[in-house]
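So that you can see what the record holds, here are the features copied from Swiss-Prot:
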DISULFID  CYS38-CYS51  disulfide bond
DISULFID  CYS45-CYS57  disulfide bond
DISULFID  CYS50-CYS67  disulfide bond
DISULFID  CYS54-CYS74  disulfide bond
DISULFID  CYS59-CYS65  disulfide bond
LIPID     SER73  O-palmitoyl serine
MOD_RES   CYS74  cysteine amide
SIGNAL    1-20  signal peptide
Amino acid sequence: MKHLIVAVVLLSALAICTSAEEEQVNVPFRPEERIGECAGWNDNCDKRSCCDQCHQCRCKFGSNCRCTGTKPSCGKR
């Protein structure tokens, strides 16, 4: 009987630990989005293909770049 109780406790602990683990997601990068060219939040991505000359590019370390906002030199569109 003790072995059955221990087995149930161990299986329950295994189930809880397995469900608590976070899923790892691999983010696909285009060549111009690799970490060396895009580390941290910045607005200096003018030469990147993800934005045009009037939009700011923001890249978070380990994520794809996002084009947000309009540069002051372009005014409102």
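For all residues, glycine too, the Cβ spot is worked out from N, Cα and C.
For the recorded site, CYS54 (disulfide bond), the DSSP three-state label reads coil. Under the DSSP three-state reduction, SER73 (O-palmitoyl serine) is assigned to helix. Within 10 Å of the C-beta of the residue listed as 'O-palmitoyl serine' there are 7 other C-beta atoms, taking all protein chains into account. It is 8 Å from the Cα atom of SER73 (O-palmitoyl serine) to that of CYS54 (disulfide bond).
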